[in-house]
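S.K.: Straight from Swiss-Prot, here's the annotation block:
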{"type": "ACT_SITE", "residues": "PRO2", "note": "active site, schiff-base intermediate with DNA"}
{"type": "ACT_SITE", "residues": "GLU3", "note": "active site, proton donor"}
{"type": "ACT_SITE", "residues": "LYS57", "note": "active site, proton donor"}
{"type": "BINDING", "residues": "HIS90, ARG109, ARG151", "note": "DNA binding site"}
{"type": "ZN_FING", "residues": "236-270", "note": "zinc finger"}
{"type": "ACT_SITE", "residues": "ARG260", "note": "active site, proton donor"}
Amino acid sequence: MPELPEVEVCRLGISPHVIAQEVSEVIIRNKRLRWPIPDEVCSAVGLPVLKVERRAKYLLLRFSTGTLLLHLGMSGTIRVIEQDTPVAKHDHFDLVFKHGKSLRLNDPRRFGAVLWLANDEDELGLLAKLGPEPLSDDFAEGYLFSKAKNRKVPIKTFLMNNHVVVGVGNIYANEALFQAGILPTAKAKDIDEHRMNSLTAIIKKVLSAAIAQGGTTLKDFTQADGRPGYFAQSLMVYGRAGEACVTCKTKLQEIRQSNRSSVFCPSCQQD
């Protein structure tokens, strides 16, 4: 599943190709995504993109009369292509521009989304309850510790709660907890403030490194120009169950938490 770094890489990749460019056509091949694609997305026709933003794992293309929201779901990719590029299986949506290029959404599992937000109320209804961005100043020392008080849930589950902080998905939660030396099963409320502050800094470092390396390509994700991301080569625990720990050579273990894979080193990580 594309996580925050992959969506940010996508934002950085598409922005130079679409900002200030006028939409000439909207092509919908399959409306049946996570939510049906509304006809209102055609409101973008004739308008230039003012800017491209990201909130959590949502891409937001800003226009003068509204916002086109895109979500990659479990398996989606968005690519910048020439308009005459042949249509492939699972190519559900094109945003066509006058300058000859298109944004194309490919989504085999159809858990992605394409929506039109006509006003601030629409946006608030979808995004208002999200936690802070992990790379923002709002995600600072003391924040995680204050949020974790009396929370008996495992720390990994806590980190992946979008109401606590957005965008720390399974891959990067595994990696951050390993680097912080914290077991994914440790209760959030039992982690002291010093370790929580260290974890905060490590989350920022891991996510920033992933963005710099173009994200993590495991199966579905590619960058906006079709190239893979290279952070997979830097993964220390995710996807390495049964292999030797990069630090102490202990065999990495794997468990299931909330139907997700958690990989950890029983020697380097503590409650």
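Quick reminder: no glycine exception, Cβ is built from N, Cα and C everywhere.
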S.K.: Taking Cα atoms as reference points, which of the active-site residues PRO2, GLU3, LYS57, ARG260 is nearest to ARG151 (DNA binding site)?
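M.R.: Ranked by Cα distance from ARG151 (DNA binding site), first place goes to ARG260.
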S.K.: Give, as a single whole number between 0 and 100, the mean pLDDT over the zinc finger (236-270).
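M.R.: Result for the zinc finger (236-270): average pLDDT 96.
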S.K.: Six or more residues out from either end of the zinc finger (236-270), which same-chain residues have a Cβ under 8 Å from its Cβ atoms?
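M.R.: Result: 154, 156-157, 160, 170-171, 174-175, 177-179, 181-186, 218.
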S.K.: Quick one: Cα separation, GLU3 (active site, proton donor) versus ARG109 (DNA binding site), in Å?
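M.R.: So the alpha carbons of GLU3 (active site, proton donor) and ARG109 (DNA binding site) sit roughly 16 Å from each other.
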S.K.: Same-chain residues six or more away whose CB lies under 8 A from the CB of ARG260 (active site, proton donor)?
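M.R.: Listed in sequence order, they are MET160, ASN170.
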S.K.: Taking the Cβ of ARG109 (DNA binding site) as the centre, count every other Cβ atom within 10 Å, in any protein chain shown.
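M.R.: Summing over all protein chains shown, ARG109 (DNA binding site) has 14 other Cβ atoms within 10 Å.
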